[in-house]
Amino acid sequence: MKQIRTLLRERTTAEVVVNTIGNYLNIFFSVLYVVIIARFFTPSENGIYIVLFTLVYVFTNIFDFGTSATIYSYLPSMLQDKTKSFSFLKITFVYQTILATAALIVLSLLINPINNDWLKLHVPFRYFIWAFGTIPLLIWQNFILNTLYASRRFFTANVLINMINITRLLLLLLFKIYGILNLEWLLIIFGPLAPILFILLIVVIYPKLPKQFIEASLVRKHLNLGYSFVFFIATQLYFIASRLDLFIIAHFLTKTEVGYYGLAQKIVFSILTTISSVTQVLSPQFSVVKTKSQVNLLMRRFGIFCILPIGLLIGAIITPDFIYNLVFSIQYAAMPPVAKLLSGVNIFFVVMQIPMLFFLYAVKKPKYVLISNAILLTIIGVGSYYGAQNYGLFGPPLALLASYIIVTIYAYYIFFKELKGLPNK
C-alpha cells in the first residue's frame, strides 16, 4: 500500500493520468468514427477508406526516418538549454523533411500500380492525391507531438488532439445532415484538414515559436544519423509488418472481407492506443536511466499502468457477438470472431513493449528492435500469405500470434542479458 501511495504522488503518475485520459478520449472518438463510418458507408466503401488510410499511416511512419526515437532519446537531456534544443530540433526537422519529400515523389509515381495491380482498389486517382497529400502534413504534426511528449507537455498535446477530434466529428455530422457526405469528403476530413488545423493551433498557442525555430542554427553534430538510421530501418519493418496482413487480405480476398478485417483491426488498434499513453510518458524516463534499480522501477510502473489496456483486450474477447452486431449493424456479422482473435493476439504486443523501450532509450541499441521487427515481418508476411489463402480472415491473426510469441521470447532474453551490464544502483 505504501508503494502504491508513493506511486500515486509521483509526477509520472500525474502525467500518465493526463495522457491516459487524453488517449481514452481519443479512443472514444476513434471508436465513434468507426461506428459512424460503418453506419454511413457500405463494407466495400469502408474497405477502400481503411486501405487508403492504412497506406497513409504506414508511409507516414516510414517517412519518419527514425526522428521520433531520436527526439525521445536526446531532447530530454537538452531541455535546459533552449538554444541547443531548437538547434537539435531544426536539423532533425530539415533532415526528415528533405528525405520525406524525395520519398513522396517516388511514391507518387507508383500510385497506378498500387491502385490497380497490387491492391486492386480501382478508385479515382484523386483519392490517392487526398490520401498521399496528407502524409507530409501528418509527418510535421507528429514531429510537433513527439517534441511536446519528450518535453513532458502532455496536457497541451492531448487538448490539441481532441480539439481536432471534435472538429472532425462535427464536420462528419454536418456533411451527413446536408446530404453531401461521400467517400471523397471522408478522405478530406480525415486527411489533410486535421493536421493543417493542428499546426495552425500550435502557432496560435506558441506565437513566438516559428521565429525561434527559423532563427535556430543548423548544427550538424546534433544529427544522430547512426541511431536514426538503424531505428528508421527497424520502424519500416514494424509498420510494414503491422499492416501487411491487411494488404495481403486486400490482394487475395474480396473488398467486403477487407471491410470486415479492417473494422476488426480498427477496434483492436483503438484499444492499443491506450498503451501509447504509457510509453509516451515512460520513454523520456527510460532515456535517462543508468542503473538496474531505475529500470526495475520503470518496469513496475509499466506493469501497473498496463492493467487497463490488457483488461480492455480481454473485454473485447468476452463481449458477445450480438453487442458487436448491435453497435456496427448486422452487415458486419462476420467481423466479431476476427476482432476477438486479434484482441487475444495483441496481449503479447503489450507484453513486449518493456524490452523495446529499454533497447531504444536506456541502452540506445536499436539493433535489437531491428532484429525483432525483421522476425515479425518475416513470420507475418509468410504466415499471412499462406494463411489468407487457406484459412481466410483467420489465417493472418494466427501468423501474428506466432510472430509475437517468438519475438517476446527473443526480446526478453536479450533484455535480461543487457540488464546484467548495468550497475545495481
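Using the three backbone atoms N, Cα and C, a Cβ is placed for every residue, glycine included.
Here the transmembrane segment (21-41) has long-range neighbours at 49, 154-155, 157-159, 161-162, 165-166, 168-169, 172, 176, 181, 183, 186, 190, 263, 266-267, 270-271, 273-274, 276-277, 327-329, 332, meaning same-chain residues at least 6 beyond its ends whose C-beta is under 8 angstroms from one of its own. The transmembrane segment annotation in TrEMBL covers 21-41 (among others).
The transmembrane segment annotation in TrEMBL covers 47-72 (among others). Long-range Cβ contacts of the transmembrane segment (47-72) within its own chain (Cβ-Cβ under 8 Å, at least 6 residues beyond either end) map to 37, 41, 89, 92-93, 95-96, 99-100, 103-104, 107, 114, 119, 121, 123, 127-128, 131-132, 134-135, 138-139, 142-143, 146-147, 149-150, 183, 186-187, 190-191, 224, 227-232, 235-236, 239-240, 243, 246-247, 250, 255-256, 258-259, 262-263, 265-266, 283-284, 287, 360-361, 366.
The transmembrane segment annotation in TrEMBL covers 93-115 (among others).
Here TrEMBL flags 127-145 (among others) as transmembrane segment. Outside the transmembrane segment (127-145) by six or more residues, the chain places 48, 52-53, 55-57, 59-60, 63-64, 67-68, 71, 92-93, 96-97, 100-101, 104, 107-108, 111, 114-115, 157, 161, 183-184, 187-188, 191-192, 194-196, 198-199, 202 with a CB less than 8 A from a CB of the stretch.
Among the features that TrEMBL reports, transmembrane segment is placed at 157-179 (among others). If you look at the transmembrane segment (157-179), the same-chain residues 6 or more away from its ends with a CB under 8 A from one of its CBs are 18-19, 21-23, 25-26, 29, 32-33, 36, 40, 145, 148-149, 185-186, 189-190, 193-194, 197-198, 201-202, 205.
The feature transmembrane segment is assigned by TrEMBL to 185-206 (among others). Sequence-distant contacts of the transmembrane segment (185-206) (same chain, six or more residues past either end, CB-CB distance under 8 Å): 33, 37, 41, 49, 52-53, 56, 127, 130-131, 133-134, 137-138, 140-141, 144, 156, 160-161, 163-164, 167-168, 171-172, 175.
For 227-253 (among others), the entry in TrEMBL reads transmembrane segment.
Non-local neighbours of the transmembrane segment (259-282) in the same chain are 12, 15-16, 19-20, 22-24, 26-27, 30-31, 34, 38, 42-44, 46-47, 50-51, 54, 149, 154, 245-246, 249, 253, 298, 301-302, 305-306, 308-309, 312-313, 316, 328, 332, 334-336, 338-339, 342-343, 346, 349-350, 353, 357, 393, 396; each lies 6+ residues outside the stretch with a CB under 8 Å from one of its CB atoms. According to TrEMBL, the transmembrane segment annotation covers 259-282 (among others).
Annotation comment: TrEMBL describes 302-324 (among others) as transmembrane segment.
Annotation comment: TrEMBL describes 344-363 (among others) as transmembrane segment.
The annotation transmembrane segment is assigned in TrEMBL to 370-388 (among others).
Taken from TrEMBL, the feature transmembrane segment covers 394-415 (among others). Tertiary neighbourhood of the transmembrane segment (394-415): same-chain residues 241, 245-246, 248-249, 261, 337-338, 341-342, 344-346, 348-349, 351-352, 354-356, 358-359, 368, 371-372, 375-376, 378-380, 382-384, 386-388, selected by CB-CB distance under 8 Å and a gap of 6+ residues from either end.
Stretch with the most C-beta contacts under 8 angstroms to the transmembrane segment (344-363), considering only 93-115, 227-253, 302-324, 370-388: 302-324.
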